[in-house]
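According to Swiss-Prot:
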type: SITE; residues: C20; note: site 'Involved in tetramerization or stability of the tetramer'
type: SITE; residues: F43; note: site 'Selectivity filter'
type: SITE; residues: H172; note: site 'Selectivity filter'
type: SITE; residues: T181; note: site 'Selectivity filter'
type: SITE; residues: R187; note: site 'Selectivity filter'
type: TRANSMEM; residues: 23-43; note: transmembrane segment
type: TRANSMEM; residues: 85-105; note: transmembrane segment
type: TRANSMEM; residues: 129-149; note: transmembrane segment
type: TRANSMEM; residues: 156-176; note: transmembrane segment
type: TRANSMEM; residues: 204-224; note: transmembrane segment
Amino acid sequence: MSRKFISEFLGTFWLVFGGCGSAVFAAAFPELGIGFLGVAFAFGLTVLTMAYAVGGISGGHFNPAVSVGLTVAGKFPAANLVPYIVAQVLGAVVAAAALYVILTGKAGAEIGGFAANGYGEHSPGGYSLLSALLIEIILTAFFLVVILGSTHGRVPVGFAPVAIGLALTLIHLISIPVTNTSVNPARSTGQALFVGGWALQQLWLFWLAPILGGAIGAVVWKIFGEEEKAGHAGSVQPAKT
């Protein structure tokens, strides 16, 4: 368990440091800023790279909503759920702390939104609580469907991190203007702790919605994605002679 715990810590650290770091330092850098597109790709690349790096050790969750969804789907033991979530939150908080120290090392730097997630007046596009709730549930549900589908035994081995990384990129392209994109309670927690105030007050939504979405995605996958007991749906059957 210690190797898995460390892997989840490192993977979530890299996700927050790379994804939120790109938003904090590079998104609006004068003349050369990477914008929403660059931030979206940064988040996708963090998951892709760490899934290959440590996914073979821990499964590469890096996200409490993913761990909950996989548990609901019967793909992850419930006994390991709390240790995984603890490792993920710790990784996110340590990454946020590192970003904070780096940011405040610049003369005249202001923490601002610090890539925290929010709704209402703290949504990048001014979207309501209901909008934030719906988009986080829907996108996390589809994220779990992609994860469960791409890691299924009938899919060629080795391509899952690519599909999952691209899915997370797409998720960010859709929802950065709405909530700054969470779909990951650990990622939201790390940033909120250093912003304080409104970010902590709104943090509940970025635990509730992704976890609910993850569970929904898992149930949807179990209904249509799993092979039937009597046979292998979608598999090639030998020709009769």
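Heads up, the Cβ atoms here are built off N, Cα and C, so glycines get one too.
Mapped onto this structure are the features recorded in Swiss-Prot.
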residue: C20; record: site 'Involved in tetramerization or stability of the tetramer'; DSSP class: helix
residue: F43; record: site 'Selectivity filter'; DSSP class: helix
residue: H172; record: site 'Selectivity filter'; DSSP class: helix
residue: T181; record: site 'Selectivity filter'; DSSP class: coil
residue: R187; record: site 'Selectivity filter'; DSSP class: helix
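The stretch in 23-43, 156-176, 204-224 that contributes the largest number of Cβ pairs under 8 Å to the transmembrane segment (129-149) is 204-224.
Residues 36-37, 39-41, 43-45, 47-49, 51-52, 55, 60, 124, 135-136, 139, 142-143, 146-147, 149-150, 183 of the same chain, all 6+ positions outside the transmembrane segment (156-176), place their C-beta atoms under 8 angstroms from a C-beta of that stretch. Cβ-based neighbour count (10 Å, all protein chains) for T181 (site 'Selectivity filter') stands at 29. Distance between Cα atoms for H172 (site 'Selectivity filter') and T181 (site 'Selectivity filter'): 6 Å, as a whole number. The recorded sites in question are C20, F43, H172, R187, and the one with the fewest Cβ neighbours inside 10 Å is H172.
Here the Cα atom of R187 (site 'Selectivity filter') is found 8 Å from that of C20 (site 'Involved in tetramerization or stability of the tetramer').
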